[in-house]
Amino acid sequence: MVVKVGINGFGRIGRIVFRNAIEHNDVEIVAVNDPFIEPHYAAYMLKYDSTHGQFKGDIKVDGNNLTVNGKTVRFHMEKDPANIPWSETGAYYVVESTGVFTTTEKAKAHLKGGAKKVVISAPSADAPMFVMGVNHETYKSDIEVLSNSSCTTNCLAPLAKVIHDKYTIIEGLMTTIHSYTATQKVVDGPSAKDWRGGRTAAQNIIPSSTGAAKAVGKVIPELNGKLTGMAMRVPTANVSVVDLTVRIEKGASYDEIKQAVKEASEGPLSGILGYTEDDIVTTDLNGDNRSSIFDAKAGISLNKNFVKLVSWYDNEWGYSRRVLDLLVYIAKIDGNA
């Protein structure tokens, strides 16, 4: 059974989730809501993308709806999630990708319109967070609102799980070298809460905060309080990289650690955790479906208990694919797929 999904918020993640769904045989997007984009503009934004290229399919506007590859996608422009008629569209699940309704209470408004479950495509202060390949099997059908966590947590957590399961992480620090995003400025502008964050994204490396490392403790409870981190926003349009430095209890050579990650990437974490010994750079991974691609050549170890590991991720495409994978998984548990 195909999982019927609605998207609220047709920004970067909303549109990339839609594009991913076209390639995902188990998901059908039946409705989109965005109060700030009318249907013709939505069709244009879906068709043309500066980062991921032109949409490989047919997009038309039919009245107030979109027709994508011959299938009707209902389009609404409601500001209040409670007013979106999800039940009329057939959308059982909703991807909440506005970045606004990220708490359980706010996201639950979608249920008033007939949706049964909401997946927030961002970290949440109170909704349970899931990372595919790490803790997705803890999902229970009585959960109505859940979070797919962040793109960085989706990169970090699978790698941390492999290392912790094999060698036991004592403590660690993470830095994500992160491509700029829509929250940043094209030219210097006001940013009262984060002065450096207001500087132009295309000219600067900007130190910033991130909760991604601490969030790993929510999806891997044994690591709660053992990891923290920061971000460096850099002048690249897409694809980011995690630098994880950890002390491990059970000593291992760097070659042994590489082998452990390689085995996991070919086994239980296949499709989620990747492994490469190629001399890759950011653009080589644009459009990569995986959550985390371990760079075997980029890491180093000081000794058998202190190691730096490097793993790449497409912070748009790979993350959006995991949103859909999570939807398909919970639909199976719910008996709807």
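The count begins at 1 with the first shown residue.
Glycine is no exception: its Cβ is also placed from the backbone N, Cα and C atoms.
According to Swiss-Prot, the feature NAD(+) binding site maps to Arg12, Ile13, Asp34, Lys79, Asn315. Under the heading D-glyceraldehyde 3-phosphate binding site, Swiss-Prot lists Ser150, Cys151, Thr152, Thr181, Thr210, Gly211, Arg233, citing similarity to another entry as support. The annotation active site, nucleophile is assigned in Swiss-Prot to Cys151 on the grounds of sequence analysis. Taken from Swiss-Prot, the feature site 'Activates thiol group during catalysis' applies to His178.
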Whole-number Å distance between the CA of Arg12 (NAD(+) binding site) and the CA of Thr152 (D-glyceraldehyde 3-phosphate binding site)?
16
Among all the protein chains here, how many other CB atoms are within 10 A of the CB of Thr181 (D-glyceraldehyde 3-phosphate binding site)?
15
Counting distance between Cα atoms, which of the recorded positions Ile13, Asp34, Lys79, His178, Asn315 is nearest Arg233 (D-glyceraldehyde 3-phosphate binding site)?
His178
Inside 10 Å of the Cβ of Thr152 (D-glyceraldehyde 3-phosphate binding site), count up the other Cβ atoms and send me the figure.
27
Ile13, Cys151: which of these binding-site residues has the highest Cβ count within 10 Å of its own Cβ?
Cys151
Cβ neighbour count (within 10 Å, all chains shown) around Arg12 (NAD(+) binding site):
20
Please report the distance from the Cα of His178 (site 'Activates thiol group during catalysis') to the Cα of Asn315 (NAD(+) binding site), rounded to the nearest angstrom.
8
For Arg233 (D-glyceraldehyde 3-phosphate binding site), just give me the three-state DSSP call.
strand
Only counting partners 6 or more residues apart, tell me which same-chain residues put their Cβ under 8 Å from the Cβ of Lys79 (NAD(+) binding site).
Pro35
Check the Cα distances from Asp34 (NAD(+) binding site) to each of the binding-site residues Ser150, Thr181, Gly211 and keep only the ones within 10 Å.
none
Separation of alpha carbons, Asn315 (NAD(+) binding site) and Thr152 (D-glyceraldehyde 3-phosphate binding site) (Å):
7
Using DSSP and three states only, what is His178 (site 'Activates thiol group during catalysis')?
strand
